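Q: Annotation comment: TrEMBL describes 7-29, 35-58 as transmembrane segment. Summarising the annotation, TrEMBL assigns domain 'PLD phosphodiesterase' to 219-236.
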Amino acid sequence: MEQFYQILAWLGVFLYWLIIAGVTVRVIFKRRAVGVALAWLMIIYIIPIGGVFAYILFGELNLGSKRAERAKEMLDPFAEWFQRLNDCPGHQPQNMSSNARPISDLCENRLGIPGLTENSLSLQNSPQTILRSIIDDINHAEHAIHMEFYIWNPGGMADEVAVAMVQAAKRGVKVKLLLDSAGSMRFFRSHWPKLMRNSGIDVVEALAVSPFRMFFRRLDLRLHRKIVVIDNLVAY
């Protein structure tokens, strides 16, 4: 019996170092920045088992194969749309200021999105001003409203925004709302999702979280965008 436990112990040690070696190779072949790679290797070797578990959970960008496939399918149509922006009347790089031109070049070189002229910009300096402006633009929307947020908590002026969206949907405006599942948990537990959907608003819960998913997808990768687009003319 003692020999059996001894064999079991050696087998455990062998499997542990085999896993450590496998994760080490994985870290190295990911071609990370040297500092990041060394930090992960230090965690893996200093913290037994826990370091490997931490790397599996947080060490790699993993949103799931289905989400990766959907993102890839979306790339080509958007790339074609971005390319067509070069032919629209608003694309006049020769009329850009010396301050705007470098930013436009950076966006086009890195993202393939050309800068457009003839835009009117307004810098809002308080949450109340921003929300009041959004509500006003929603009330004047005629065709479409697209909104995307990380956090939406019911109450205060957020409810006024929601009411304006419901009213817009009832008058025929196409309204879509995309919210992060973790950041907007209070919203999805409130009465607002059902009320909005009953009014014709397309409400989508992005990157759903659950204890089961944590073993297959990184839960710390969230939807942090804060975007409002109204009638393809007004944007926040």
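Positions of Cβ are set from backbone N, Cα and C atoms, glycine also.
In TrEMBL, annotation is done automatically, which means it is predicted and not curated.
Not measured: the values here are computed from a predicted model.
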Q: Using DSSP, how many residues of the domain 'PLD phosphodiesterase' (219-236) fall into helix, strand and coil, respectively?
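A: Output for the domain 'PLD phosphodiesterase' (219-236) reads 0 helix, 6 strand, 12 coil.
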Q: So if I exclude everything within five residues of the ends of the domain 'PLD phosphodiesterase' (219-236), which remaining residues of that chain have a CB under 8 angstroms from its CBs? That is, six or more out.
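A: Apart from its flanks, the domain 'PLD phosphodiesterase' (219-236) reaches 57-58, 61, 63, 130, 133-134, 137-138, 141-150, 178-180, 182-183, 206-207, 209, 213.
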Q: On the 0 to 100 scale, where does the mean pLDDT of the domain 'PLD phosphodiesterase' (219-236) fall?
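A: Its mean pLDDT is 88.
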